[in-house]
Amino acid sequence: MARDGEIERIMETVIKPTKNGITTNLILYGDSGTGKTVTMRYLAREIRDPQVVYVNAIAYRYVKNVLIDFLSKFGIIVPERSSYASLFTRIEGLLRNQGKNVILVIDEAANILKGDYDGLYYLFRSKDSFDVNISTIFVVMEDPAILFDAKIRKSYGIFSEIKFRRYTKGEIYQIVMNRAVQSLTGEGYDEDVLDYIAEVSAEYGSARVGIDILAKAAHIAEYRRSPKISFDDVRAARSMISPFVTESKLASMDYEDLMVLLSICRCLSASRFTDVDCISRNLSVISEQYGKKDINLYDRIKRLENNGIISSSIEGQGRGEGVKKVISIYDIPVSVLTEKIENLLSA
């Protein structure tokens, strides 16, 4: 999960005050796949006092729906047309019997925050209006500044905000590693492949994307009857999530770009990354094969990078050895791309 810092802030902002009888309100926000939901489910499972109750509100438009769902988790069934007064009366009795305070987590809360101003007012003023001491944590993707204007903020009162930043490559690697240990046999993957999944997923900053690529790559390897996930399985999985290199994009490329791209593919046939030396060697062979010489390799590589076809990074070569540029393709299996390029060059 890699969210220890965020959990500590939630503990200090909401959980500890609520345990001491102080009502607080918090909004968690951040991009999809940044661990908001899994963090709140973890806290709902692990924290006993105060009690943390999780409700997914993606299908709800009103706070009233959330409160009815909340009560149902304790076996209390109420009519959908219940008034706020009757709902909070039932909640007040529940909390009295429980003998501890409650934090209500409302996930996928954007629709409610954008539209149910009356319901939110009742929820935020529940202590004053109904003597119900209930703290709330809203989970959304949008920045609260987009959801609330100054007038609405003043009406609702003070609440805190915590942004869940995007995961780093290292954090995604740890999450993917944990999932691989849980879900796959030890012979089904190696650390280089998991690191490559983290590399491919890092542009999204999303653990969800990394886990999805791992699952799809494992299925692809199984379909090939391979005992181990390959780099090309990862590329195939990535292309299933968000295809970028399409046939129309390839068809629009000029002859020399295709030749350089084919050289890169041949270097990557069994590798995660390649370098300019390997590409240059392969380009010499391909140039001879297709009768095209004097290609400016560096300009062509730069064009492919600018068009998003290839990705590159700078890697150190060890103490005193300097650095070099390494190149990879994330968005399509190089075996498939090789075949498509060869067909275009031969047409």
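Just so you know, the numbers here start at 1 and follow the chain as drawn.
From the backbone N, Cα and C atoms, a Cβ is placed for every residue, glycine too.
Copied over from Swiss-Prot:
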- T34, G35, K36, T37, V38, Y167, R179: ATP binding site (BINDING)
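On the structure: features taken from Swiss-Prot.
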residue: T34; record: ATP binding site; CB count, 10 Å: 26
residue: G35; record: ATP binding site; CB count, 10 Å: 24
residue: K36; record: ATP binding site; CB count, 10 Å: 24
residue: T37; record: ATP binding site; CB count, 10 Å: 18
residue: V38; record: ATP binding site; CB count, 10 Å: 15
residue: Y167; record: ATP binding site; CB count, 10 Å: 28
residue: R179; record: ATP binding site; CB count, 10 Å: 17
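According to DSSP, K36 (ATP binding site) is assigned to a helical segment. Among T34, G35, K36, T37, V38, Y167, R179, the residues given in the record as binding ATP, the maximal Cα to Cα distance rounds to 18 Å.
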